[in-house]
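Asks: This is the structure I want to talk about, given as structure tokens.
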Amino acid sequence: MTNSVFQGRSLLAEKDFTKSELEYLIDFSLHLKDLKKKGIPHHYLEGKNIALLFEKNSTRTRAAFTTAAIDLGAHPEFLGKNDIQLGKKESVEDTAKVLGSMFDGIEFRALAKVVEDLAKYSGVPVWNGLTDEWHPTQMIADFMTVKENFGKLKGVTLTYVGDGRNNMANSLLVTGSMLGVNIHIVAPDSLQPTQEVRDLAEGYAKETGSKNMITSDVDAGVKGSDVLYTDVWVSMGEEDKFEERVNLLKPYQINMDMVKKTGNENMIIMHCLPAFHDIETEYGKKIDEQFGIQEMEITDEAFRSKYARQFEEAENRMHSIKAIMAATLGNLFIPQA
């Protein structure tokens, strides 16, 4: 029998947990970050084996899960798309049962249906490292970053600008609504959240008092924002839509003019990375050659400004993932709030 409300549970989408449980994970993340900074060991997962399954490329998520597992005393094992046969030579159910017999927890980054089946059949906690619909581990890091900077969550206004129907916009809208954060989605009409996601968020907002806004009007959407948040304009697998997407989203670029439009000198900028803010990458050079664009969702000036918190946010991926794994697998005493 466990004394933890988290023990043995999977995190597939933010709605899997309650408001108080999300708040606990955020505060636990801050605590673990403090322990890390002070050099205090926290081996809550000593002797545990963690499978890291990636069918999509990853830098921050893979690095965060790997370092988090090691800090917790666990052994992480990376399995890329060439190492696993999910649904190809072996059914997801069969693979899940095998992995569940060898590993104590599984991170998976790919299709939502596969993540759900892994959780259903593996018998161990499964953590969603990113699907097309949701990015729950990123949310703990993001709202941890917000709380670090403002000392609170309730009443803070976070404005997401750009592609408003991708996984980041979905997760920010729903999670923010659960936590009492005011979420503004500022995007072209054709790139706004689905009605299903809006309805889910609205249900939570009524409970927590979140005041949300979904609009194509940049000036109205960013006014009074505490946080400006953006993501890449073209998600994985959408490269064929690049030219169309860039032309559509140019007015939604975070730049210093948009920062001024918030009217808030104490605001911050967040980005889950990677960011296309210059041409110092092969991809950036290629885009510049093809379309004459050197900056996309955020200008280099804004990216390097005093308002930017994207690297603090990236570091927090490790601390938040550590909190998620320790809470769901570490047999910790975490009573119901």
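In case you wondered, yes, glycine gets a Cβ from its N, Cα and C as well.
OK, Swiss-Prot features for this one:
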BINDING   S58, T59, R60, T61, Q85, R109, H135, P136, T137, Q138, C272, L273, R317  carbamoyl phosphate binding site
BINDING   N167, D231, S235, M236  L-ornithine binding site
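What does the local environment look like for each feature on the list?
Replies: In the three-state DSSP assignment, the secondary structure recorded for H135 (carbamoyl phosphate binding site) is coil.
Sequence-distant neighbours of D231 (L-ornithine binding site) (same chain, 6+ apart, CB under 8 A from its CB) are Y160, G162, D163, N166, M168, A169, H271, C272, E297.
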Asks: Considering all pairs of residues in S58, T59, R60, T61, Q85, R109, H135, P136, T137, Q138, C272, L273, R317, annotated in the record as contacting carbamoyl phosphate, what is the maximal C-alpha distance expressed in whole angstrom?
Replies: 29
Asks: With every protein chain in view, how many other Cβ atoms are within 10 Å of the Cβ of Q85 (carbamoyl phosphate binding site)?
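Replies: The answer is 13 other Cβ atoms.
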Asks: Cα distance, N167 (L-ornithine binding site) to H135 (carbamoyl phosphate binding site), nearest Å?
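Replies: Checking the Cα atoms of H135 (carbamoyl phosphate binding site) and N167 (L-ornithine binding site) gives a distance of 6 Å.
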Asks: Fewest other C-beta atoms within 10 angstroms of its own C-beta: which of the binding-site residues S58, T137, N167 fits that?
Replies: S58
Asks: List which of the binding-site residues S58, R60, Q85, T137 have their Cα within 10 Å of the Cα of N167 (L-ornithine binding site), in sequence order.
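Replies: Taking S58, R60, Q85, T137 one by one, none has a Cα falling within 10 Å of N167 (L-ornithine binding site).
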